[in-house]
Amino acid sequence: MISLPGPLVTNLLRFLFLGLSALAPPSRAELQLHLPANQLQAVEGGEVVLPAWYTLHAEVSSAQPGEVPFVMWFFKDKEKEDQVLSYINGVTTSKPGVSLVYSMPSRNLSLRLEGLQEKDSGPYSCSVNVQDKNGQASGHSIKTLELNVLVPPAPPSCRLQGVPRVGANVTLSCQSPRSKPAVQYQWDRQLPSFQTFFAPVLDVIRGSLSLTNLSSSMAGVYVCKAHNEVGTAQCNVTLEVSTGPGAAVVAGAVVGTLVGLGLLAGLVLLYHRRGKALEEPANDIKEDAIAPRTLPWPKSSDTISKNGTLSSVTSARALRPPHGPPRPGALTPTPSLSSQALPSPRLPTTDGANPQPISLIPGGVSSSGLSRMGAVPVMVPAQSQAGSLV
């Protein structure tokens, strides 16, 4: 088919039709255009035929030899009127998807529309002007019909709103994004047993199904059907009713765990800081305490008894053995030396004479030598022959 001319040519063709009608002389033939219906419906994606034909009064219905029709089809949308097909002087021009049902010349002017879309809805006008074999116009007629393109429901989407647990309330929603006319919804449960729902739990306009006080027996596969005059589409959702704790209990357990972990981390951090605080004073340098003074010890010459009588030799009560006399060769500890083995001296007895001083220096070593060796002199008290201290 030849593509349609522009709007300017369309207007010129319309003026041509009007001119032919005005110049037509009076004639016994009267042209009548017939459209059997004022409205037609079709489905999007399909095709439709807009029926139209004309007759001449007092003549047969079929075209006569030399009869020349001029045909134009127009479509008017919300903004402007467009020419979709024309047949003039044996030449047909049309838009894609638009054609005449019968070959021309013919008195049947039916128009076929293919690949319909919703935007093709609107009024269509057919205009016809006929000339006889002598080139004289036999008449002119124009009529309009309305086309309504219906759209079947697009596949809906099913959703579950709420937490499906025992005793809770949930809502099943179903929504189709596109349809003409508007769809209505129906919810059914298919498995494990069939069940149909009605108002008030079912909203056929919004497509919502309210389920209250859930129980385990209400679980199953729920199917939503969206339907209108020209089609049906459906979706489904599986409802599983749980008996576990609710969302609030789970959330509380999670929050409690997080708080416990936070407190534990705080205690560990506090313990770590206190450990550092105790280590720092231990590493500080402190001044040592003053050493005690050393008492002077008497010289070794002062260890001899003033009366010249030495009954026993001892260092101090702390240096004596706790029980019994010291054994020969016992260790005698001193404040500044480790221990030395000193023999226990024996007091010689004389008849009525005063005893002579006995040197306590063993081995014949002098007191000055012992001092150089580190020995410490010890004050020994004198005793009388009766055993009392002098």
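In case you wondered, yes, glycine gets a Cβ from its N, Cα and C as well.
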Identify the disulfide partner of C174 as annotated in Swiss-Prot; candidates are C224, C235.
C224
Averaged over the domain 'Ig-like C2-type' (156-242), what pLDDT does the predicted model reach?
94
Can you tell which of the glycosylation sites (N108, N213, N236) has the fewest other C-beta atoms within 10 angstroms of its C-beta?
N213
Could you check which of these recorded positions, N108, N169, C174, N213, C224, sit within 10 Å of N236 (N-linked glycosylation site), going Cα to Cα?
C174, C224
Euclidean distance between Cα atoms of N213 (N-linked glycosylation site) and N169 (N-linked glycosylation site), Å:
6
Measure from the CA atom of C174 (disulfide bond) to the CA atom of N108 (N-linked glycosylation site) and give the result in Å, rounded to a whole number.
47
